[in-house]
Amino acid sequence: MTIRDTQSDHSTVVFPQPPPSVFQSTPSHLSGITATSPSSPSPATIQPPNGFPIHPEAPPPSYTSHNFNFSDIGSSAPIRYIGSLIQEGDDDEQIEQVEHFKYTQDLERKLTVTSVIGLGFSVMGVPFGLSSTLWISLMDGANVTILYGWLLVGILSLCVVLSLCEIISKYPTAGGVYHFSAILSNEKYSKVSSWYTGWFLLIGNWTYAISIMFGGAQFILSIFGLKDVYVYKEDKILVLIVFFAILLFAGFVNFVFSKHLEKINKMCILWTIYTVLAIDFLLIFFAKRTNSIKEILTTFDNTRSGWPDPLAFIIGLQSPSFTITGYGMLFSITDEVKNPERNMPKGAISAIVMATITGIIFIIPILTILPELKLLLDDTPNIMPIDLVFKLATESYIVSFLMALLMIGTVLFQSIGSLTTASRSTYALARDGGLPKSHLFTEVNSIKQYTIPRNALLLSMAVCGTLSFLSLISQTAFNAFMGAAVISLALANGIPIFCLMLNKRRKLRGAPFKLYKIGWVINGISVIWVISSIFILCMPPVIKHLSWKSMNFSVVVFVLFIGIASLQYVTWGRNSFVGPQLDTDYFELNNLESAARKNLDQFVVGDEEEDELEEKGDIGEVIKGGSIGGGSIQVSRRNEYIPLEGNSNRIDSDRESVVDVHQRIRGSLHIKRELTEDDESSGLSTRSSSNDEDDNNNDDYEHVI
């Protein structure tokens, strides 16, 4: 690599010729740059058009490229086949381009993939989620609905997660689905779609957290009903007291132990897995009777629901839907995850897959020892079926209580996780002006050396506490609010995927994670499932002897949510809400820096070269062929450097922008000139010295143009 005088008396900067993929276009002010490569016999002149470099060369994808061929289905294992289709980039899209946003990084990026998986586990809370809604599946088909319904919803939910992960790898933001809606929508409707999606997400987060904690309170009190005649879970005041105890505990952990969120999420994974395994072992070991394999896999009992058999199975999907829908809340923590464009997809996909598998492992032993439905649903309707399953299967209150304690642990983890995601969703929406007095809820505070959105967390707790009092007025209305929560989350997840399909998936070009050829299929399945799940969640599980008390009013509450969001948008939202703030200037600067960084990396002196210089005793040896205006590029351990200034080393103003980029990357640049024979003959002597500010780092090399 040389820097030499070509046509004039002043020096000209010469770069090594980069690979063709580095620069797709080059600024006009660099058109005079001449490049030589160590392997090239002569310098090559770059003749670029006007414009800036487009993108740096992307790193190779971590998955093997694969061209779709139907013959692969028969020639490879299913898992290998699916894995080969899901790519991090299409063959014709080798350049990654992750969008950046103009938000200040107030929250610390400390969470890893494991933490994302753990938070997903805690929000979905598989053991408790299945247990608290078990009665729905028992009413609408029993074994067949429980087992195959869970498997079906798990697969469909995986499609939704894959679609969302593809988007977040391109747009990693804590705004999650409501930011996706704004970016992927038609510009005319961008703000409106983002507003409604954001409010659906926020309402869903708040009410989902309430349903977890309220259901946990009922479950805890239901345990004591196994020993005592008094039905504790029907005591509204007592349930509310336990609810507030769980709420305060979850809030306390989020406040005081926020810096340990990574460890808490990891602990949740272990607790959930070991809880499932422990319950399975205790049930099988202490069970007095077991069902046959045929009964486990084929029993379908729809005598209590009143729905036709096919519809009963579909309505029974409410149970797994209530449990798994929490995956959409995960993306609210994106601002706290390291390398979110890669770690969020990995974590979210792993969480939904592991949750589905964990659910199957939990369900099969339950069905193996499942007592008669008459004992679970008819004789003691005021006690949760899962508590009765424990008691009737083991015939031991102590063993049943022990298994229930393990379940309480999952309730607490689920409460902590749901409050974490709710507070982050509140913070993100307030940051975009989506809440009244938004500036209050965007403040972050350092609690024991970890920053958290304190006011957003307090608001989430206040909303949860206030809405819980609705249970004192009407249990039916309260249940409707909880059903509307899942509908809101489902719709919030579906809107950006639908918008993605409307723009023909064009805005995902350059995403690090891609669904390759099956993207359209998975997106289509996701949208169909979201629409279907909304219909399912609006139906009453039982229509036999249907009354106003047993009616499902979720759709009414959901319409109320839409009305509230619309009123707020008309009154003040359309003036204060700004939507996601994309950093459109990022790529122009980043691409220039990346190109400059690639050139500067070629100045690095390797360890072997360093050893040779030390053996020769000439640390100031000139790098091969380098010269500026008769001088030479040098690498020196001494503090003898000449700043990049002076007439002989002057670079015109157009080229100074490139040097500035280099300086930002490598720090303050210095050169040490060694006189060549031409310099000595002309009497030119420009050697001087300047003290380096970093005197303690004498073993580092300075690389200079």
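Cβ from N, Cα, C; glycine included.
The compositional bias 'Low complexity' annotation in TrEMBL covers 22-49.
Among the features that TrEMBL reports, region 'Disordered' is placed at 1-58 (among others).
The region 'Disordered' feature in TrEMBL is assigned to 672-705 (among others).
Marked as transmembrane segment by TrEMBL: 111-135 (among others). Beyond the ends of the transmembrane segment (111-135), by six or more residues, the same chain brings 146, 150, 212, 215-216, 218-219, 261-262, 264-269, 272, 275-276, 279, 318-320, 322-324, 326-327, 329-330, 333, 336-338, 343-344, 346-348, 350-352, 354-355, 358-359, 362-363, 376-377, 384-386, 389, 406-407, 410-411, 413-414, 416-418, 420-421 to within a C-beta distance below 8 angstroms of the stretch.
The transmembrane segment annotation in TrEMBL covers 147-165 (among others). For the transmembrane segment (147-165), the residues of the chain that approach it from at least six positions outside its boundaries are 86, 130, 137, 141, 177, 180, 296-297, 313, 316-317, 319-321, 324-325, 327-328, 331, 344-345, 348-349, 352-353, 355-356, 359-360, 363-364, 367, 493-494, 496-497, 500, 513, 515, 519, 522-523, 525-526, 529-530, judged by C-beta separation under 8 angstroms.
What TrEMBL records for 198-225 (among others) is transmembrane segment. Residues 125, 128, 131-132, 175-178, 181, 231-233, 235, 238-240, 242-243, 245-247, 250, 322, 325-326, 328-329, 332, 382-384, 386-387, 400-401, 404, 407-408, 411-412, 414-415, 418-419, 421-422, 425-426, 429, 432, 434, 460, 463-464, 467-468, 471, 478, 481-482, 484-486, 488-489, 491-492, 495, 561, 564-565, 568 of the same chain lie 6+ residues outside the transmembrane segment (198-225) yet bring a C-beta within less than 8 angstroms of a C-beta in it.
According to TrEMBL, the feature transmembrane segment maps to 237-257 (among others).
Positions annotated as transmembrane segment by TrEMBL: 269-287 (among others).
Beyond the ends of the transmembrane segment (311-330), by six or more residues, the same chain brings 116, 119-120, 123-126, 129-130, 133-134, 136-137, 139-141, 144-146, 149-150, 152-154, 157, 160-161, 164, 176-177, 201, 204-205, 208, 211, 300, 302, 305, 344, 347-348, 351-352, 355-356, 359, 418, 421-422, 425, 486, 489-490, 492-493, 533, 536-537, 539, 541 to within a C-beta distance below 8 angstroms of the stretch. Annotation source TrEMBL lists transmembrane segment at 311-330 (among others).
Residues or ranges marked as transmembrane segment in TrEMBL: 351-370 (among others).
TrEMBL lists 397-416 (among others) with the feature transmembrane segment.
Residues or ranges marked as transmembrane segment by TrEMBL: 456-474 (among others). A Cβ distance under 8 Å defines the sequence-distant neighbours of the transmembrane segment (456-474), meaning residues of its chain 6+ beyond its ends; these are 205-207, 209-210, 213-214, 236-237, 239-240, 243-244, 247, 251, 254-255, 419, 422-424, 426-427, 430, 441-442, 481.
Annotated transmembrane segment per TrEMBL: 480-503 (among others), in sequence order.
If you look at the transmembrane segment (515-543), the same-chain residues 6 or more away from its ends with a CB under 8 A from one of its CBs are 66, 68, 85-87, 90, 136, 139-140, 156-157, 159-160, 162-163, 166, 304-307, 314-318, 321, 325, 483, 486-487, 490-491, 493-494, 497-498, 500-501, 505, 508, 550-552, 554-555, 558. The transmembrane segment annotation in TrEMBL covers 515-543 (among others).
Sequence-distant contacts of the transmembrane segment (555-572), counting only residues of its own chain at least 6 positions beyond either end whose CB sits under 8 Å from a CB of the stretch, comprise 192, 195-196, 199-200, 203, 436, 477, 480-481, 483-484, 487-488, 538. Annotation source TrEMBL lists transmembrane segment at 555-572 (among others).
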Check: Of the listed stretches 269-287, 351-370, 397-416, which one has the most C-beta pairs under 8 A with the transmembrane segment (237-257)?
Finding: 397-416
